[in-house]
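Pulled from TrEMBL:
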- A:97-323: domain 'ABC transmembrane type-1' (DOMAIN)
- A:12-32: transmembrane segment (TRANSMEM)
- A:103-124: transmembrane segment (TRANSMEM)
- A:136-159: transmembrane segment (TRANSMEM)
- A:200-219: transmembrane segment (TRANSMEM)
- A:258-280: transmembrane segment (TRANSMEM)
- A:300-323: transmembrane segment (TRANSMEM)
Amino acid sequence: MDALRYVFKRILLMIPILIGISILTFFISNTIPGDPARLILGPKATPDGIEELREEMGLNDPLYVQYGRYVNGIFHGDLGESTYSQQPVIDDLERYFPATLELTLFAMLITVLIGIPFGVISASKKDKLPDQFTRVFALLGVAMPAFWLGLLFLLLFYLKLGILPGSGRLDNGVSPPDMITGMYTVDALLTGNMVAFKSALIHLILPGITQAAVTIGMITRMTRSSMLEVLQSDYIRTAQAKGGSENRVLYGHALRNGIMPVITLLGMTFGHALGGSVLVESVFSWPGLGKYAVNAITYLDFPAVMGVTLLIALLFITVNLIIDTMYHLIDPRLKYN
Amino acid sequence: MKHKNLWAKLALFLLIAVVVLSGCTGKYGNEATSGNAGTNNSGDTSGENTDDAPAANENFDENVFNFATNQDIPQLDPHGSAANTSFRVTYMLYDRLVTYEGSSTEPKPMLAESWDISDDNKTYTFHLREDAKFHDGTPVTAEAVKYSFTRAIDVNKSAAGIFKKVIDKDSFEIVDDHTIKITLKKPFGPFIKTLGTVFANILNPNLAENHGDDLGESYIADKEVGSGPYILESWDRGQKLVLKANPDYWGEKPTMETINVIIVPEPSTARLMLEKGEIDMIDNTMISPEVLKQMDGKNGVKVVKSAGYQIDYMPMNMTSGALADKKVRQAIAHSINYDALLESVYLGEADRIGGAVPDGMFGFNPDAKLYDYDLDKAKKLLEEAGYAEGLKLEIAISENNEVRKNTALLLQSDLAKVGVELEIKTYAWPTFLDLVTTGKHNFGLVSWTPDYPDPDYNLWYFGHSSSKGPGFNLAFYENKKVDELLETARASTNEDERAAAYKEIQDIMAEEVPYIFVAQPYVQAPLRDWVKGYEINPMNTWYVPFNKITKAQ
């Protein structure tokens, strides 16, 4: 019961946070000098055309009136219409967001599957060869700019070796699976479309690894230091004294305690990856939210800017909530409050 | 006990899966790139990996053209869009009364077989061809022409800019199904030329059924109602737009069966794809001059270049302090090392011009005064104007443009030699646009390509007093004589008379220097050497004649 009440309370708390974010975004983006109407009409527009469009778009109303209109729209499920694409923002988000989410989830999966074992190995073999190896690996991942790494991967795997595709989400000639979640791999699996699944997965590899490179490094290092601390503690010595095998002590006893700070970091990086994947998306022509968001700002497409910001904020908060709930699952001693 | 090293096993499994899966497909990019699964014929892609032999590049498919651009396509309403990346597509989806083909800037008959112009230059009678049909099978009639122009004006966006001044909803008289009379509000010399632009695309009047409350703007944003050589097959926004040849096209049969317009945001990625043969051509605005030089002639890539009507120029805001003085502006014009600029910034791929009318266009004035690079003269002029001990000015540029940034840097060092301290201010595009159209700048750097091939276009924008500020007269230039000449030339259809007026305007503006015309750069398009028949249109630089291009290895 405590758990449910805790989650419910946290969900209620989201409302003021989102309102705050929406106010900030709305007013800050409106302080950018420039005229959205002029940008829609292009440099060759006539002054009276611009004025008429401003009136039509309601840009001549005071900001608080415009904000009120926006919030009112949200309550009717309407995020406004993108001035750039002429499409409802909600449709645009539905179109671009799943691509970003899919890439981010895939990158996080790689991160967890590689980063945590590497960290544990590194800690258990402190200062030995495996530790040195993972240290260099982690440093390389963190130090190499994603953009540059992506181009290197393209040169090697796409141009020279020709074993992996260089851009997009699917091969030319493969049609997307029926839309359920918008994440091609998931949809293809759900509909049993193996051709699309294979194509979508292959296309995820290079951008996924590029995106994961940085986070793998961070997670490895964090797991290592957290594990080192845990491995010093009395209960580990007891476990070892009782004759538990090395793997059982490491993964069964130590990791459970050692993983707490890693989970926090995972939550943070997930949120960061969602909003910050624009460079990776750009190198691999990944049609995600990043490019959409950049376009939205360039063209002062306020409804789109608002939509993207609110969506990312909502996800960030939700992920944090999930992480916080996970603490309690992993460490039952924690109290809900 | 088995699950002890689960993590390690999972990681291993993933790595194996990755390797195996990539091994399965293998030979990436050697598969034929085709528009749909049906034409992906395994017969042509047999054999071993031969990607180092360009002569037998297996991405080659003579019926499919892959075009890459980093400019996302915002929408496809011919009357609402102001983006070149949309024009490239709508020009193929729709027909116009007249059109521009290849490298020509002479309007050629398209939907209109012929036309007559009345003696007072106000009434145009168009005779439409009778075999043209929209993609839904309905014939293209005079009614469609009327509908299209009326909607252009009512939508009141990009297309209205040209037509609102000359026609309104009462300008049309439908004589019969295939004859229409258009009466202009006042004579407008370049009228026929404007009818070949993207804004004059003819739409199926059935669109009216889907007008909703916005004249169908949101309906048509991702659809087409045209009669052109290509049909919109599919469009995954932000990824790929596919055009299919129209099998029932009334005119010459389009050469390419399938056109894929692929969005590749990163120029380096596009370059790799071109070298691999996965794409046939890259948007010419995407790659910087330096990189183009590196690409030309290697890996099966060639760079096609030709003169374009784009001009890069520097407006001098005449309402901002010292620049109000003609002598100061002339001094600036004398202190720029034009040769060095063309050589180092444009790598020689540009010409110098003296006026707002590009070389090659009707009305170009080859004798317009060119200011030579003469520091002594410049210093003397500044002294006469009372700025002997120097002057501080700002130049506004928009970000993410190598050429403009380098030009500004060069100007900075040039002007420093005559005691003018130039501060470079870089702004995001919306801010830049706002700043220069409201006159808060001293200098700016802008590129400009006319929408129709007539001096009226550039000179009216740059020179007429009614265009000041938002109308893109960014020098805020005003001269009664120029206004008068512009108005006379616009009202006339006598080419000699018009040419003479435009020459005179260019001479006056060269003397008063509201603008410095920095360069007329060449259009440079990187493409596969197997692409045949591509010609650059100097005005519609975005134009790719997909319906005429062929591919041959």
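Cβ coordinates come from backbone N, Cα and C, glycine included.
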Residue numbers, six or more beyond the limits of the transmembrane segment (A:258-280), whose CB comes under 8 Å of its CB atoms: 100-101, 103-104, 107-108, 111-112, 116, 119-120, 123, 145-147, 150, 207, 210-211, 215, 218-219, 222-223, 226-227, 229-231, 286, 288-291, 293-294, 312, 315-316, 319-320, 322-323, 326-327, 330-331
Dominant neighbour of the transmembrane segment (A:200-219) in A:103-124, A:136-159, A:300-323, by Cβ pairs under 8 Å: A:103-124
Residues from the same chain, set at least six apart from the ends of the transmembrane segment (A:103-124), whose C-beta lies under 8 A from its own: 130-131, 134-135, 137-138, 183, 185, 204, 207-209, 211-212, 215-228, 231, 246, 250-251, 254-255, 258-259, 262, 266, 269-270, 273-274, 277, 280-281, 286, 288
Beyond the flanks of the transmembrane segment (A:300-323) by at least 6 residues, Cβ under 8 Å: 7, 10-11, 14, 17-18, 21-22, 25-26, 29-30, 32, 34-36, 39, 70, 79-85, 89-90, 92-93, 97, 263-264, 266-267, 270-271, 274-275, 289, 292-293
